[in-house]
Amino acid sequence: MLKGLLLFGVFAAAAAAWELPKLMKKRWRKETVVYLLLLITGVIMSSYVVSLVRIASPLYLIETVYRPVIRWVSHMVGR
Amino acid sequence: MEKQVIGTRQFAILVLFFIIGDMLWFLPSFMVEAVEQDAWISALIGVPVGMLAAWFLFHFANQFPNMSLVEINWTVLGKWLGSALTIIYLLSFFTVSVVQIRQVSDFITSQMMTETPLRAINMLMTIIVMIGVWSGLQTFARTGEIFIMLFAFMFLLLIILLMPQIKVDNILPMMRHSFSSFAQGVVYFVSYSFLEMYVFLMIFPYVKRSSHLFRDYMLSALLGGVAIFLIVTTSLLVLGPFLSRFHLFATYILAKKISIGGFLDRLEAILVVNFILSTYFKATLFAYGFVMGITRLLKLKDYRILIVPVGFMIFGYSYIVYPNLVVLNNVTPAWSLWDMTHNPIILLLIYIIHKLRSTNRNRHKSESSEEA
């Protein structure tokens, strides 16, 4: 996890060093905040890839939400 | 932020690529699981149903000229509720884009380059998709124009070269399934290809209005529907229901079967280009919708500054979105319902609220003018 964070941290730092000065110069404060927030989220997500950490698939959430509907439909059509 | 405009033909080509998308590979398996040898009948019914869905989306977008989904939600539901709904749509744009990228990686690492890590293909696909988004709508619409002929040629080649291997017995006996099974098949056919077109609500404001826009759009939807119908039917006729059901990449297996006179075979690698092309366009459109959605929602000045951070997010999420294809396959019914929630359920609700408000406004106007 730490190795992943470090690797993608370096990539992200390089990207930020390229983009942020331009944004600051233009005084685009909102853009700078959004950029940083998304970059941090991206680095955390990418670090899972490098560290091969598996978390529960977000698709299970879709399945859990719609399971009662599927059951109800199956019951209605007698399948 | 510069205003990018795409022409009618470019838009129609994007619609065509989008409808075929990843369904070139997965649809036969999904549909045969629901209706077995009758999957082709479900697909045939699905074409007009899909056209109806495409018509509704166009009609819906026409009610709000020059507005993207973000502005539509704000106009109809107000700032807070509209923004909350936009976030739900943005999450779906992001997830669908990531799943498209992951499907290409899963296919390549399981069928063609088995020693290559999934992450490597994920990264390459993410880079290609983000380059497409960075280049802008106009550029990747032009890319579509360039590739459409190659795509159509290779698609027709697949169908024509498989004709000698067709066995009509594979679709017999006919009409042996219940109405609910047929309906399930139609839902699968329509949801992944036609209902997911709600991402075009982010594209419509950039399409140049012309007199034949609607005609070309519907023609594109029809061609896309016919193309995926042909894929399902050919898969059934050549592979039969059993193999079509258990091979998640049925079209790839189909392409492997091409052998003309012992000198023209092993065409599957060339046909993989088709799959990657159509999936690339679908992934890029969703990624573009996501980036543009954030830009419009937060009223940012330039969408291109988000490319690198969103690229990181897509790359990371493409690994964790699902552990393997079995999970994705199991989620199919829930995914279809998820698609139906976005389009038409929520869009229909927005449409009804908009119509009711317009009627009320008109009534108030006429009443106040009568009083005056």
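We number each residue from 1, going along the chain as drawn.
Heads up, the Cβ atoms here are built off N, Cα and C, so glycines get one too.
Features as listed in TrEMBL:
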TRANSMEM  B:6-27  transmembrane segment
TRANSMEM  B:39-60  transmembrane segment
TRANSMEM  B:80-99  transmembrane segment
TRANSMEM  B:120-140  transmembrane segment
TRANSMEM  B:146-164  transmembrane segment
TRANSMEM  B:185-207  transmembrane segment
TRANSMEM  B:219-239  transmembrane segment
TRANSMEM  B:270-291  transmembrane segment
TRANSMEM  B:303-322  transmembrane segment
TRANSMEM  B:334-353  transmembrane segment
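Residues 53, 56-57, 60, 63, 72-73, 76-77, 85, 89, 92, 187-188, 191-192, 195-198 of the same chain, all 6+ positions outside the transmembrane segment (B:334-353), place their C-beta atoms under 8 angstroms from a C-beta of that stretch. By the count of Cβ pairs under 8 Å, the stretch nearest in packing to the transmembrane segment (B:219-239) among B:39-60, B:80-99, B:120-140, B:146-164, B:185-207 is B:39-60. Comparison of B:6-27, B:39-60, B:80-99, B:146-164, B:185-207 by number of C-beta pairs under 8 angstroms to the transmembrane segment (B:270-291) places B:6-27 first. With pairs at least 6 apart in sequence, the transmembrane segment (B:185-207) and the transmembrane segment (B:6-27) have 3 or more Cβ pairs within the 8 Å limit; the two touch. Through the fold, the transmembrane segment (B:39-60) approaches residues 15, 19, 27-28, 31-32, 171, 174-175, 182, 184-186, 188-190, 193-195, 197-198, 200-201, 214, 217-218, 221-222, 225-226, 228-229, 232-233, 236, 241, 244, 343-344, 347-348, 350-351 of its own chain, all at least 6 residues removed from its boundaries and within a Cβ separation under 8 Å.
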